[in-house]
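To start, the structure under review is shown below, and the notes come after it.
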Amino acid sequence: MTEGNNLPAGDAAETSVVPVEEKRPEEAANEKKENGDSKVNITEKAPASGEAEEAEFVHPEGGWGWVVMLASMWCNGSVFGIQNAFGLLFLSLLQEFGSVDDQDLRFRTAWVGSLSMGMIFFCSPIVSVFTDMFGCRITAVGGAAVGLVGLLASSFVSSLGVMYFTYGIVFACGCSFAYQPSLVILGHYFKKRLGLVNGIVTAGSSIFTITLPFVLSGLLERVGLHNTMRVLCVLMFVLMLAGFTYKPLLPVKPATSQTGGSRLKQIFNVNIWKSWGYRIWAFGIPAALYGYFVPYVHLMNHVKERFGEDTNKEVLLMCIGITSGVGRLIFGRVADYITGVNKVYLQVTSFFIIGLMSMMIPLCYIFGGLIAVCLLMGLFDGCFICIMAPIAFELVGANDVSQAIGFLLGLMSVPMVVGPPIAGYLRDTLGSYDVAFYLAGVPPIIGGALLCLIPWVEAKRKRMENKETLRTEQDVTQKMIESEKAVVESHNKTGESVL
């Protein structure tokens, strides 16, 4: 039945007019042979029933998925809202463990926030393995529980060295394990609306980045640093409860259908590194991020030094948060109209603007000018974040995109850890943040310039593939011509011998 349906119409018609009486023994043999083939095909296709079920799976496009979306939104907001507001905690840590004027303490305290943000990305490849092994729900709930323990332990710490472990490692690792499953689970519930849902989820971090600084400022003034951290534990507790909503829906392939070798290749995929475009992308973005996190850590202290204690510095984080959310919605839509790897030019533009804005921070002697800088910085920060996944799809394809993003996030952890402490060291050495912000703008510009090579490399690869395809077709055509010539010559020789 299946094979017959795959025949062209002409072949089917010709088969239908063959007299039944002719070559009856041969037809009987052919029917037996076809029946035997059909049995083999059924045997071969039987193990693929799980794949057929997965192909027939219909996403709910709503229902319980909206609850999952809100839970994922809370995850994005609580994790990155706390991380982006570290500038406020940084000042309180300086007062708690020493003095704001202690130069060595500034450098060592900056490592707490840098280590925390870096560990979230550093653990991403490991989190993807745990998610495949244990599922989204167990990984997310376990990660949130670990983050809760780390943050609660940090509220009782009286030494900066212990804070590196409790806040910079334990809390950050828990956030990483809670964060990545919140993105994976959305694909179980949405397909047609996945873009919209991802936009809403990622906007959660913008909402928390806008509101949390005001809440933290009030808490730090009234209850102090340690009690403020205990209040933040409520966010992590709610995050742990939100993880229980991650009910998986996609069919799971039987474990017996995968050998040890294939399962190992699925976990550690090296095919992505065969693409030169991905190699440039995977190293160009980390190169650009050496100055990316510097404003989030040091901008609050810079404003305090330049404009005084009474300056409403939380407005700057609010501006970054608002425009970052707007940028994710706008540039995510714009990326849909840009074909292929040319989407990378959006990231190039983002890095150029962010680099220039970082260099503009020391030049702003009017607070309104600093607000304008933060608005632009947030807008293109949203652009950079929202198009990472589409670019990964273009570079490595849908089958390898998960591993591609995981490795990229892991590589991004290094510059996020190293950049802010270097900026703090420059401030302590030179007496101001001016040089630190100037230098923080250089890596994004260099990284953006490297990314400009990706469209050229991919175009060259496609030209080579087209040439190889054309050469193969020409070889096949030449062989067919030579074969036809040989047949004609053999017929001519046969005719001459008969004459």
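Cβ coordinates come from backbone N, Cα and C, glycine included.
Automated prediction, rather than curation, is the source of TrEMBL annotations.
What TrEMBL lists as compositional bias 'Basic and acidic residues' is 20-37. Feature annotation from TrEMBL assigns domain 'Major facilitator superfamily (MFS) profile' to 231-499. Residues or ranges marked as region 'Disordered' in TrEMBL: 1-54. Annotated transmembrane segment per TrEMBL: 66-91, 111-131, 138-158, 164-187, 194-216, 228-246, 276-295, 315-332, 344-363, 369-393, 405-423, 435-457, in sequence order.
Cβ atoms under 8 Å from those of the transmembrane segment (111-131) belong to residues 79, 83, 86-87, 89-90, 93, 139, 143, 160, 163-164, 167-169, 171-173, 175-177, 179-181, 184, 267, 293, 296-297, 402-403, 405-407, 409-410, 412-414, 416-421 of the same chain, restricted to positions at least 6 beyond its ends.
66-91 is the stretch from 66-91, 276-295, 405-423 with the greatest number of Cβ pairs below 8 Å to the transmembrane segment (194-216).
Contact between the transmembrane segment (276-295) and the transmembrane segment (344-363) is present: at least three CB pairs lie under 8 Å, with pairs separated by 6 or more positions in sequence. Counting Cβ pairs under 8 Å that are 6 or more residues apart, the transmembrane segment (315-332) and the transmembrane segment (435-457) reach fewer than 3 and are not in contact. Regional average pLDDT for the domain 'Major facilitator superfamily (MFS) profile' (231-499) in the model is 82.
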